[in-house]
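The next block holds one structure in the form of structure tokens; read it before the comments.
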Amino acid sequence: MSGGLDVLQMKEEDVLKFLAAGTHLGGTNLDFQMEQYIYKRKSDGIYIINLKRTWEKLLLAARAIVAIENPADVSVISSRNTGQRAVLKFAAATGATPIAGRFTPGTFTNQIQAAFREPRLLVVTDPRADHQPLTEASYVNLPTIALCNTDSPLRYVDIAIPCNNKGAHSVGLMWWMLAREVLRMRGTISREHPWEVMPDLYFYRDPEEIEKEEQAAAEKAVTKEEFQGEWTAPAPEFTAAQPEVADWSEGVQVPSVPIQQFPTEDWSAQPATEDWSAAPTAQATEWVGATTEWS
């Protein structure tokens with residue numbers, strides 16, 4: 001498919017990307033029309049996809065996309081969430097029309113509805129999940145390109161790109177590769193220099209994982225600010241005037257306070273106290289008389 005040109009041959013770095021993303025790993029089931037793209041079967045039943053055939057079909061799909069004069073006439077679709085971000089990134093890079101999420105039935109056939117479109121080329125992520133746009137494309141003679149796994153049905157698919165269309169990394173990498181080849185064939189970017197866009201931007205990320213990472217980053221930033229604040233706080237300045245003393249043993253004068261003298265008395269020389277036993281007796285008699293009078 002590359003025509004024997006060295007410039008179109010698959011590079012070693014591309015093979016490493018495919019292997020890292022698991023693009024060569026298919027499923028345990030095999031469709032009879034996908035047998036031509038299979039390299040081998042593992043002992044655990046997983047089929048290995050021939051990456052050479054994947055690269056050839058990728059170049060063929062890129063040539064078909066470049067052949068469309070108006071980039072907006074190319075519709076790229078992904079109903080599964082693993083390919084929605086990749087579809088939007090591909091559309092932003094190449095100028096295609098994305099449909100991420102649920103495909104409204106009748107978009108290609110019902111002229112009454114507001115979402116009616118007449119594209120010239122259709123690219124889908126999964127023929128099984130995106131069966132509705134493929135079926136409608138067959139009604140309006142629309143050529144189709146699809147990322148196909150080992151068990152994907154090839155009905156209504158004109159150009160099948162064999163790859164792992166289940167994994168988020170594999171799907172993102174395939175859309176990134178397709179966008180890069182389209183831009184290279186258009187002459188937008190050079191083949192001599194690597195594309196500055198990273199494949200990570202095409203990968204699907206779980207919203208819960210993104211939220212957890214944001215919370216962890218926020219907590220780390222707050223902790224860092226508190227730590228820096230403790231060490232960077234200015235030291236308090238003491239403005240109280242300190243007495244200048246040359247010799248500390250002689251400089252400080254302690255005022256002498258006279259000790260107050262209290263007169264001492266001889267407690268044994270005091271007169272004897274009265275007889276305490278007589279007074280209570282008299283009082284008691286008076287109280288008895290008073291009580292007698294009451295009775």
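Along the chain as shown, the residues are counted starting at 1.
Cβ coordinates come from backbone N, Cα and C, glycine included.
These come from Swiss-Prot:
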type: CROSSLNK; residues: Lys89; note: SUMO2 cross-link
type: MOD_RES; residues: Ser2; note: N-acetylserine
type: MOD_RES; residues: Ser43; note: phosphoserine
type: MOD_RES; residues: Lys52; note: N6-acetyllysine
type: MOD_RES; residues: Lys89; note: N6-acetyllysine
type: MOD_RES; residues: Thr97; note: phosphothreonine
type: REGION; residues: 54-113; note: region 'Interaction with PPP1R16B'
type: REGION; residues: 161-180; note: region 'Laminin-binding'
type: REGION; residues: 205-229; note: region 'Laminin-binding'
type: REGION; residues: 242-295; note: region 'Laminin-binding'
type: REGION; residues: 266-295; note: region 'Disordered'
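Distribution of Swiss-Prot features across the structure.
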| residue | record | CB count, 10 Å |
| --- | --- | --- |
| Ser43 | phosphoserine | 5 |
| Lys52 | N6-acetyllysine | 15 |
| Lys89 | SUMO2 cross-link | 20 |
| Thr97 | phosphothreonine | 15 |
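Between the C-alpha atoms of the residue listed as 'phosphoserine' and Lys52 (N6-acetyllysine), the distance comes to 22 Å. The residue listed as 'SUMO2 cross-link' carries a helical DSSP state (H, G or I). Residues of the region 'Laminin-binding' (205-229) grouped by DSSP class, helix first, strand second and coil last, total 23 helix, 0 strand, 2 coil.
Taking the C-alpha positions, the distance from Lys52 (N6-acetyllysine) to Thr97 (phosphothreonine) comes to 29 Å. Using DSSP to sort the residues of the region 'Laminin-binding' (161-180) gives these counts of helix, strand and coil: 13 helix, 2 strand, 5 coil.
Residues belonging to the region 'Laminin-binding' (205-229) score a mean pLDDT of 76 in the model. Cα to Cα, Thr97 (phosphothreonine) and the residue listed as 'SUMO2 cross-link' are separated by 11 Å. DSSP classifies Lys52 (N6-acetyllysine) as helix under the three-state reduction.
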